Amino acid sequence: MPDTTPQLRLYNTLTRTKEAFAPIDAKNVRMYVCGPTVYDFAHIGNARPVIVFDVLFRLLRHVYGAQHVTYARNITDVDDKINARAARDYPDLPFNEAIRKVTESTNAQFQADVTALGNLQPTVQPRATEHMDEMRAMIDRLVQRGVAYVAQDHVLFSPSAMNARKGPRYGALARRSLDEMLAGARVDVASYKRDEMDFVLWKPSKKGEPGWPSPAGIETLGRPGWHIECSAMSMAKLLEPFGGGLKCDDPERNQFDIHGGGIDLVFPHHENEIAQSCCALGTERMANIWMHNGFLQVEGQKMSKSLGNFITIRDVLNDGLPQLGEWGDNTVRDRWAGLAARLSMLQTHYREPINWTAQRLAESADELHRWYGLLRDEGFGAPEKLSHASAVAAALCDDLNSWAAITALRQAFKVRDVAALGEGMALMGLLDPYFVTASDVPIFARADVDASAIAARIAERLNFINAKNWAEADRIRDELLQEGVQLKDSKDPATGERITTWDVVG
């Protein structure tokens, strides 16, 4: 770790403490994040973990080197919701072809949407359908070890059998006993279950549904449960390439560094992942650090279709900033809206609940406009190394304190430290070089305008305002407007100080 970078500390849901991050292997830092189920447009709640863990991915690359970090985010392409959508949207197609159409188109849209939000591509994006062999092998191991059993062509995991063994306890992540979890959970009490808390690893496929050869000697075709998919995919991408997996008896090689997702996944999904992986691989921990982002509300209310406030990422990109109007290339406009959405979300610490508002999105767009305006005026070039981002890096090393990082960016803007501003924005995924260099971006249409002269007039006007000489301040504003330059006054969100920006009009 470079001497100038402080110790990275992350809050671990498993221990309920903020811990110093010590990778298992600093040359192979590994992170897994639960990704989308590709059956519909992703909503803004889905965007939050993508942005949060993209910032962490960038930070890990900054600290340990890009070539030493592996980030896996899965794609769930086997699910009842996918089946239902395929039957609804493509009733005339063979079912497997209909499913393929749903998953391919939805995944393509998801990738385009999250790219517009300024996110890097993960190192790998495994799909569930590509890892059936690993799922079957893991299920067979769990049956052999007595923590899973076959019943009516299903394979089920038994938390009580796990807790009867030496080793990690079921419920450690959620910090609840089996009785407490049963009392607070909605569970499927099927006749073939031995206990109510038992959960499905594999189930038979109904006629016409997609199916694969089953594990554990079951003769009918079937498909995996949700939880085993992530255990198998993380094993395939973060353990087996580094010497771990079902053939490895070394517990340390069968762990990776960080597992992330939304707070809603703590139970049952992540609890069940831990149970499966630890029992199959003989380790105390599936991942050393478990991180979870908080819930999202819209304008102070839970987001739901029934309330009419269900907002997709695509809605934000297309319609979230109507003041942008139509651009010659609307994909570029979408990228600008995506950066504004990213900044808006990062103004709340990832573990806190976030309240999504149209006002904050607009304010974030205005702030980005000011930052990019300075970078453009000073001719900032995309950096090869982030040698001036120490203040932002220090903030992010404190459990991804994005608010403190944004405060550092605001300070850099205030003192016109262009290197610190631009490189700090890059570390947070807020820097798109196109918006710094392109001459045809509508919001920066300032051809034949002397930016330094306007800045001097704005400074002169500010002096008049501070002296309460309103008439002279208004005179400068009106003169600039006659010259086709409109001033806009606002306040610095952090300090409350007056900020004046300008645009070419007419």
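For all residues, glycine too, the Cβ spot is worked out from N, Cα and C.
Under the heading Zn(2+) binding site, Swiss-Prot lists CYS34, CYS230, HIS269, GLU273. Remark: HIS269 (Zn(2+) binding site) has CYS34, TRP226, HIS227, CYS230, GLY261 as non-local neighbours, by Cβ distance under 8 Å and separation of at least 6 in sequence.
As annotated by Swiss-Prot, motif ''HIGH' region' applies to 36-46. For the motif ''HIGH' region' (36-46), the mean pLDDT of the prediction comes to 95.
Same-chain residues lying 6+ beyond the ends of the motif ''KMSKS' region' (302-306) with a Cβ under 8 Å from its Cβ atoms: 43-45, 296, 356. If you look up Swiss-Prot, you'll see 302-306 marked as motif ''KMSKS' region'.
There are 8 other CB atoms within 10 A of the CB of LYS305 (ATP binding site), with all protein chains counted. Residues annotated as ATP binding site in Swiss-Prot, with sequence analysis given as evidence: LYS305.
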Length of the line joining the Cα atoms of GLU273 (Zn(2+) binding site) and LYS305 (ATP binding site), in Å: 30
Helix, strand or coil at CYS34 (Zn(2+) binding site) [DSSP, three-state]: coil
Long-range Cβ neighbours of the motif ''HIGH' region' (36-46) (under 8 Å; 6 or more residues past either end): 75-77, 79, 81-82, 84-85, 102-103, 106-107, 109-110, 113-114, 262, 295-296, 298, 303, 310-314, 316, 341, 356
CYS34, CYS230, HIS269, GLU273 excluded, remaining Cβ within 8 Å of their centroid (Zn(2+)): TRP226, HIS227, GLU229, SER231, HIS259, GLY261, LEU265, HIS270, ASN272
DSSP three-state assignment for LYS305 (ATP binding site): coil
